[in-house]
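Listed features, source TrEMBL:
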DOMAIN    72-333  domain 'G-protein coupled receptors family 1 profile'
TRANSMEM  56-79  transmembrane segment
TRANSMEM  91-114  transmembrane segment
TRANSMEM  134-156  transmembrane segment
TRANSMEM  177-195  transmembrane segment
TRANSMEM  230-252  transmembrane segment
TRANSMEM  272-295  transmembrane segment
TRANSMEM  315-336  transmembrane segment
Amino acid sequence: MSGDKYEGSAGTVHAANTSLSCIFNTTNSSCDGDSFHLSDFNQTDVAGDGAAVVRIIISIIYSLVCALGLVGNVLVLYLMKSKQVWKKSSINLFVTCLALTDFQFVLTLPFWAVENVLDFTWLFGKAMCKIVSYVTAMNMYASVFFLTAMSVTRYWSLASALKGRRRRPRCCPARCITVLIWIAAVSAALPHAVFSTTVSVSGEDLCLVKFPESDGSAHFWLALYHSQKVLLGFVVPLGIISACYLLLLRSITSKDINTSSAKRRAKVTKSVTIVVLSFFLCWLPNQALTVWGILIKLNVVHFSYEYYTTQVYVFPVSVCLAHSNSCLNPVLYCLMRREFRKALKKLFWRMTSPTIRPFTASTKPAMDEQRPVPVPASAPEEPAVVFYPPGAVMFNDRRDLPRNSP
């Protein structure tokens, strides 16, 4: 598409590829703007971005994140369903919903991978543009909201335990909170359902968020929506998560505890640090670039070559890093727990040893598997219990004992 032109509010931009026409989107790909502020921008500097290799690498990483996210979240959902633990406590219900949210989220990554490798060209039509964009945004919000709810629940539970209060796990309030979280996520992502569309730029269809142009207010509404994303999707949740874990650590460190409790405290401290840092590091680069884009849309700072270069090379990496949080969540919030690791080992054992049948004390093997057991002539007349391989089989009467072979 070399030599194509894109008409913007600041004049005609000679674009080497679609990337220059799409640098304002901070949801997934890099397309949602329809005008640029290029008064201080030398157009000859953007003849080519050389980002093809970057896009291919990012698409490969998207595919890996999708595969790992599917496996990890399916395992979490299977373990939760098989043990029915999601019904037993609020935190387990939130973990289950988080896994479901991340599972839906990673299902959208193949679409964005294809779009990315094709220089942001959208091949799947307008309807799929709306669906994929909306599902991506909705699950992004839901994932962050469930992480926040889990942090509050964990602090409340452990703080109550440290104060000597005995609380029965109640799932009813947790289910109400779950419904409210889904309603909030659906509402927060509504602009994607309404304004996501395909727009032809330089002869190529792009999937972008396009607000109605009315007296030049499209960029204002786009900036307002991105401000909502930064506040609801990062700043407020990070503040709540950090506050909960800081209060939790303060409650733990203020207690006089023995050696075993000290080890547990160190373990909790390590877990808390990993959780907060993983959320912060995964989302900070993407949100920082989003804030930069907001300032440009509001004409607080000028569009510059540095911003363009950052969007072309750094922004896709930041999106990929944010998406990788969907792979880390199953590990951080479920698979690190001892009981789930044990259940996972049992699952793998059953999958890798399908021919081995476990026996219980009430299970009797087939007749061809029974082995004759010698019975002493002086054996007592009262009921006996005889154990023999391959499992433990209980016989309640001497008449049930197998006879000696001649």
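Each Cβ is built from the backbone N, Cα and C atoms, and glycine gets one as well.
The structure displayed is predicted, hence computed values, not measured ones.
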Quiz item: Taking 3+ C-beta pairs under 8 angstroms (sequence gap of 6 or more) as contact, is the transmembrane segment (230-252) in contact with the transmembrane segment (134-156)?
Solution: yes
Quiz item: What mean pLDDT does the predicted model reach across the domain 'G-protein coupled receptors family 1 profile' (72-333)?
Solution: 83
Quiz item: Is it true that the transmembrane segment (272-295) and the transmembrane segment (177-195) have 3 or more Cβ pairs under 8 Å, skipping pairs fewer than 6 apart in sequence?
Solution: no
Exercise. Return the stretch with the most CB pairs under 8 A relative to the transmembrane segment (134-156), choosing among 91-114, 177-195, 315-336.
Key: 91-114
